[in-house]
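According to TrEMBL, the protein has these features:
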{"type": "TRANSMEM", "residues": "6-25", "note": "transmembrane segment"}
{"type": "TRANSMEM", "residues": "37-56", "note": "transmembrane segment"}
{"type": "TRANSMEM", "residues": "76-94", "note": "transmembrane segment"}
{"type": "TRANSMEM", "residues": "115-133", "note": "transmembrane segment"}
{"type": "TRANSMEM", "residues": "153-180", "note": "transmembrane segment"}
{"type": "TRANSMEM", "residues": "214-232", "note": "transmembrane segment"}
{"type": "TRANSMEM", "residues": "355-375", "note": "transmembrane segment"}
{"type": "TRANSMEM", "residues": "381-401", "note": "transmembrane segment"}
Amino acid sequence: MQALLLGSVLVLVVAMQVYLLLRGLRHSAHKLVLFEVYLSLALLTLGLAPALWYLLETLVDAKQLFFQMKVSAPHYFAYALPSLGALGLGLSRFKGPSSTSDQELLQKVQSQLQAEPYLPWLLLLGGFCIQLLQPYFPATLRQVGHFGGMVLWIGAIHLLLAPIAARVKISVLLLVLLWLMHRSIVSTFFGDLLFWPLLIALYAQLYYQVSLRVLLGSGLGVLLGLLLIFSFKYEYRQRLWNDPNQGHYLQHLSEALQYRWQHPEGWYNVGQTFLTRINQGKHLAMVYNWVPQHEPYARGETLLSAIPAVVMPRVMWPNKPQTGSLSHWYRFTGHQLGPGTSANFGVCGEAYANLGIWLALPFLLLWAGSLRAWYEYLRRLALSWYPCLWLWIPLIYCGLLDQENDFVTQLNHGFKATLFTLAICWTLHKLSGYLPRSNPKSPLPRP
């Protein structure tokens, strides 16, 4: 019976994943498919990956698996699928003009970039300098430095849509990509290496409108690249972290790749390692297993405390909740994290731990609807005030659309990133009055 249920869920999740993929590809040439990508990733990490893992548990000896899901498949999907449905329904409500086309806004952006040709270079240079200086920022300005470092990637989006020769664009974007790879290798965290190129590609598709074959080929290349990274990431990270002199990261990277080449048996675990990493459902299952059997529902405690914690400075509230708090993790999962490790159960897990499944669904519906409504407001503001504000959307939403962030982390990022973005755009808008502007022209034809 459970095998039949699991097969039905797997077919349903795969069908939904294919639908979202095709829908995103179909609309990607006309609008920014930010929320389609978000829903697709949420379905992948909370739906498809857990379903494949449950299937793996029925086919493979438990001793050969990295972990076991804490609840049964019927228990997990009875809660997870409605939560995903609430997120999807919330994002499909509050639709505005962006649900049909972003071409008018794209033309306004091109016109602004024609009139202000210095803008991409200013952002690229500023973002690069901030990333170099970021380690020297004091603790009180650490988040400002974090947002400032992202300006480099926002500058790359500006450059992509600016009326600049193609060879210059390609050369600079390759340098930006190499710098991103360098930062990922040094930090041993490779999430940005996938995330920011994906967001930049969404804007590129709006402008260049490449063919479906190119998109699918690029997606296959990204998948192979991810499998390669997962094949050596753990070995490389352990070598680097255990070396007191961590400056020779290229040597450790070379040794890790040589080790994988000399020990190809490690490739057999790459699929399981990849599935483990994207299976955010394992954290959700831990919450379903622990609450309310061992820990009562929090009755909105952590959700309500997140709102004043975001607005009020720590000087006025020294004990305010911290983003990514380990105490919440232990409280709602009963699992103690080891040193140097981090994990989070996301908004879906926190909503369930606070409200139970039936009240969590309207909360997720409201939260997703708020994300969509805020995007529509920013889009209208870009149309009426500062068109290039639309190109800053990834900076605001990169922390809001992450399934691994809890509610206070998402809310904190969204609030402060919005303030940072509006302050920068206001400054650039005022600065444009003192800098030379090019004569307004009609937008350049697409390549």
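Placement of Cβ uses the backbone N, Cα and C atoms for every residue, glycine included.
The transmembrane segment (153-180) is not in contact with the transmembrane segment (6-25), judged by fewer than 3 CB-CB distances under 8 Å for residue pairs 6 or more apart in sequence. Between the transmembrane segment (76-94) and the stretches 115-133, 355-375, 381-401, it is 355-375 that has the most C-beta pairs under 8 angstroms. Packing against the transmembrane segment (6-25) from elsewhere in the chain are residues 33, 36-37, 39-40, 43-44, 47-48, 51-52, 54-55, 58, 73, 77, 81, 212, 215: each is 6 or more residues past its ends and has a CB under 8 Å from a CB in it. Among residues of the same chain six or more beyond the transmembrane segment (381-401), those with a C-beta under 8 A of the stretch's C-beta atoms are 32, 34, 38, 41, 102, 104-105, 108-109, 111-113, 119, 147, 150-151, 153-154, 157-158, 161, 195-196, 199, 203, 371, 375, 409-410, 412-414, 417-418, 420-422, 424-426, 428-429. Beyond its flanks by at least six residues, the transmembrane segment (115-133) meets 145, 148-156, 158-159, 162-164, 172, 176, 179, 183, 388, 428, 432, 435, 437-440 of its own chain at Cβ-Cβ distances under 8 Å.
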